Structures are given as structure tokens and as C-alpha cells.
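> My structure is below; once you've seen it, I'll send some questions.
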Amino acid sequence: MEFARGSMLYLDDVSVSFDGFKAINGLSLMLAPGEMRAVIGPNGAGKTTMMDIITGKTRPDHGDVIFDQSIDLTRHDETDIARMGIGRKFQKPTVFETHTVADNLLLSLAGKRGVFETLLAQITGAEARRIEEILETIRLEERRDDLAADLSHGQKQWLEIGMLLAQDPKVLLVDEPAAGMTDAETMATADLLKRIAGEHTVMVVEHDMEFVRALGVKVTVLNEGSVLAEGSLDHVSADPHVIESYLGR
Amino acid sequence: MKADPLLDLKSKLFLALLVAAAIVVPMANLVAAPGSDFYLPSFAVALFGKYLTYALLALSVDLIWGYCGILSLGHGAFFALGGYAMGMHLMREIGPRGVYGDPVLPDFMVFLDWKELPWFWWGFDQFWFACLMVLLVPGGLAFVFGWLAFRSRVTGVYLSIITQAMTYALMLAFFRNDMGFGGNNGLTDFRDVLGFDLRSDATRAGLFVASAAALGLGYLLARRVTTSRAGKVLVSVRDAEARARFLGYRVEGYKLMVFTLSAMMAGVAGALYVPQVGIINPGEFSPANSIEIVIWVAVGGRGLLLGAVLGAILVNGAKTLLTGWVPEIWIFVLGLIFVLVTLFLPKGVLGAFGTLSWRSGGARRGASAQPAE
């Protein structure tokens, strides 16, 4: 897998179709270690399907999906891929509503995953400290013992990002983190993601242009399952194809 | 962050009540003079013992349905298999005292003109072997069934339907005479267990105490699982299975563990049920039985453990009373109870009234019941 050298995530000529509809069509994309990338595109461009392929939920019809230069992700399922270090935040915030905020983070912490391990697990001091750190990062210290169901929409989004952090993955796939947030929350979320990048490779899918601008990173525009343009936000905004298919509408 | 203690106030109250029942009920039957106000007739001891085995069965269903969202509509099968394993031992215990006097073959085999004991009856003359089978047969079936179903990601209503199909298929199989389990009539005419006469009051009292102990141990085991971190994972699987997978939990492993454990608990309940009612037949596999168990849990309150126990005792108590007075209407009343509870008490009796008093104490339930799927 020489071709994937120097990449953290490498997709080459990936295609998948559902009942004849090509959701992803010859998609190629490469993320360097520590890079943060924003992915934009109109509805149905294949953004979520691309994340499904990377995380093992959907198997591509053909194409290479290589993680960390050597791991062929198409051969693994969601659980394996999550354990290898790819974390995912869903479009709709998905947290464990009947658990407390702290328990949500505890269950996400890297480490114990086996049935018998968790049956006997007692919380360690290191785990408790890590949970406190994350609670501080996502500004939910006050809500520690509240049920996740009682959080506001924006707080659930943050909790889910916190759960990703707890997993300490190499790659974070973040689907619409600012959806349903106020302007202030949106900007705070952009700050949070910028702090995370560097240690982690991050791919953010987002509709909100202000948010993408605040991230200030390289942008990939998807349309009809393949890459339409790539570059800075100003560069892709000026691209006539992009304007035609997405921004102009 | 405080870990949920294994023994909270409710658990202590329940276990104390169970110990009290295990002392009072046998005393009221054995010590109190017949005719006195404190005397409990023998049939009542066996009846209450039966309720306790039902409570254990309901507990096993709540463990998977309440905490992991697996709605099994075939749990009666595991109960019946445990019952058959014990019944086979009790048949072998009869020995030459059967109608045909054959020292080895049970009566129905002599009647069918079988010459020797089928291989799957070997070993059942030993009590310890039968006890082992009470755990291994239901557990083994649940493991194989669960491994196939969970690995293929069969969930929700589809899983419920195939569990119904499983118990129905077993019922049809056990009805056949050549299966070697007594066909239509099942196994009955038991004499004694471990040398104690099953018709004596003392043995019945002993079985009652054993049932109470099994329920107490089953409850502690279920508490141990549900208050552990694995229990939190189970609830996570119930509420957001995909999220649990993307966090790196092997969801099918957790489901398989709890499903197998639950089937073993149901098997133990069946094994204690059979000597107290004196018979096991294929009717126990009937799909309606399995649905009834789910109703007990729903009535008592899903996802609370004690709700299942309460529901099993309430519904079966009502069944005993009503079928005594007006037998024809029981099935309608059961349906009505289920509809009313679903409409007005979606969290069940314990969920609705239990939280009223405990909420004020500031206690937070980690895993609360969710509306039925």
C-alpha cells in the first residue's frame, strides 16, 4: 500500500450504489495526519454515505479505503474500526439518554470494551480525572450527574464530541456539529474543533458556511458522490462548478 | 461519581421480605395446627412456590427486555426445557414403582414398546447431572440461537417473531411421541426427589424455600449485572445500538451474554416449577405462555427487576382468584389489564407508584423503563 504513504485516511476511486443509485461515484480523498478538513456539498452529495464507508457500516462496491497507511477498512466492521481509532459523531446527536453525562463519557473512554472486562470494571482514578478534563473541555461540569436526555440540543452535540474525545481516536469524523446551535454556540464549537485538530485528524461535514469559514481549513466540495472541488473556502467558492451545483442555488 | 450500590434500599427490603416469606409460609403450614387462624393449607404452599418460580422467570425476561431491549416472546421455551430436564430426573427416580414396574424405563416408554433408554435420557438418574442440564440445555440453546440471530443483526420485532417460532417449533416437536419426552402427556406421576416424598408437606415447604432462595440469588445476580459497567453498556445497546457499536463495543457479545444468562435463569425457574406442580407437558412451550410472561413484566414495570417480580405475583394472584370464581373471563381480564397498563401506566405498577415515593428521596434511577417498542 505504497500509494497511501503519508496519509491518515486515503480513499481512492470508491463507489457504492444502492438499488442502481450511485451514492458514491469514484470518490478520492486524502487526509494527512493531524489535518482538519471540512467537507461540504448539497443534500444527497454522499457525505453521510462516505462516513458510513469509512466507519465500516457500508461496504463499497469497489475502491480502496486505507487508514493509517496500511489498514484496509473495507475488511473490518464498525466495532473493529472504532477500536482501531476512528470515532464518529452522527448528524443527529446520539448520546445515551438514560445515562448521566459522566456515564456517557465513562462508557466512551478508550480501554475496556469486552463483556467480562466491563462486568468486573471499577472506575479508576485515571478514568475519573480524564472524565473531569473532558467535562471541562465541553463545558458540562455543572451537568455531570444529569441524565443526557435532559440536556439541550446544543449540549447534546457537545457531549457527543466529548464522547469522541474520550475515545481518543486517531481520526474524528464529525457530521454537522453545529446543526441546531445558536451563533455563539456555533463559534464555540468551531473553537473546540480547532483545539482538537493537530493531535487528531478531523473531518467535519457541515452546511453552515460561517462555521466552515471559522474553521479556516481546506475544504472539499462533494457533489453526486464525487469530489467537485478542493482548496480554501474562497477558492472553492469562486469555482463556477461549485456555484452552479451548490452555492448559487 | 458514586457507583450504584449492589444493595440499595429497595433490594434490602425485597430480600428481607423474601427471607420472611421463606420462614413464615412453611411454619404456617407445618407448625400451625390445621383449623387455626394461622394455618396455611398445603396446596397454598405449592401455589406460592409456583408464583416464586414465575417471578424468577419474569426476572429473566426483564433482564433482557428491560435492560437490553431484546423482546423475547419465546422465553417460555427455556423455562419448559429446564422443567423437562428436572422432570426427566424425577421420572428416573420413580424406578420400579411405575405402573409397569420396569426398573429403568419410564412408563410411557414401556407403553410405546421401547426396549431401551434413548441416549438423551442417560445420566438423568443422577440429580447433579439433571441440575447441570437445567442450566446447560436452555443456556446452550440460547447461545446457539442468540449467536445466529445477533450476529445477523436480527433485532426488534423480527427477533420477537423468531423467538415465537422457536417455542412453537419446540412445542410441536415435544408433542410427538417418538421424540421420547412423553408426547402429549408429558412427564408426570413423580414420586420423590432426593429421597423426599413429593407429596409430603415437608418436601413442599422445602421446595418453597428453594424457590425463594433461587429468586433471591437470581435477583442478586441480575443486580450484579445491571449495576456493573457491562449493565450500562446493555442499556446503551437498548437505547442507541449504533452509537455503542461506533464506540467499539461488540454489541452481539453483550446481547449473547445476557440472553444466555437469562435463559439459564428461566431454566432454573422451570426446574423448580415442575416438582411443585407435579407435571411438565408440551403445553408449557405454547407461544401464549411466553407472551404472558412479557405481560407480567409490563404490568409490574419494565427495567426495574423488582417490577418483574411484582408483576408476576400480581397477575398470577389475580389469575388464581379469577379462574376460581369465573374461569371464562380470565383471558379477557388479562387482555384488559395489559391494555390499561399500557395506556395509563406505561412504566408499570412499580414504575408509576415506586417513583412517587423514591423521587422525593433524591435517588436517581440509572436505568429507567422506556416505553415498549
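We count from 1, first residue shown onward.
Keep in mind that glycine also has a Cβ here, set from the backbone N, Cα and C atoms.
Note that the structure is predicted; figures quoted are calculated from it, not measured.
Annotations per TrEMBL:
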TRANSMEM  B:12-32  transmembrane segment
TRANSMEM  B:38-57  transmembrane segment
TRANSMEM  B:64-86  transmembrane segment
TRANSMEM  B:127-150  transmembrane segment
TRANSMEM  B:157-175  transmembrane segment
TRANSMEM  B:205-222  transmembrane segment
TRANSMEM  B:253-273  transmembrane segment
TRANSMEM  B:293-317  transmembrane segment
TRANSMEM  B:329-350  transmembrane segment
> Which range out of B:12-32, B:38-57, B:157-175, B:205-222, B:329-350 gives the transmembrane segment (B:253-273) the most CB pairs under 8 Å?
B:38-57
> So if I exclude everything within five residues of the ends of the transmembrane segment (B:205-222), which remaining residues of that chain have a CB under 8 angstroms from its CBs? That is, six or more out.
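The answer is 6, 11, 14-15, 18-19, 21-22, 25-26, 29-30, 45-46, 48-49, 52-53, 55-56, 59-60, 62-63, 196, 261, 265, 268-269, 272, 275-276, 305-306, 309.
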> Below 8 Å between Cβ atoms, which of the listed ranges B:38-57, B:64-86, B:157-175, B:293-317, B:329-350 makes the most pairs with the transmembrane segment (B:12-32)?
B:38-57
> Who are the chain neighbours of the transmembrane segment (B:64-86) in space, where the CB to CB distance is under 8 Å and they lie at least 6 residues beyond its ends?
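Hits for the transmembrane segment (B:64-86): 57, 124, 130, 133-135, 137-138, 141-142, 156-157, 159-167, 170, 174, 181, 187, 225-226, 231, 234-235, 237-239, 241, 254-255, 258-259, 262-264, 266-275, 280, 282, 284-287, 289-291, 293-294, 297, 302-305, 307-308, 367, 369-370, 372-373.
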> What same-chain residues lie close to the transmembrane segment (B:157-175): Cβ under 8 Å, and 6 or more beyond its ends?
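Non-local partners: 70-77, 80-81, 84, 145, 149, 181, 183-184, 186, 281-283, 285-287, 289-290, 373.
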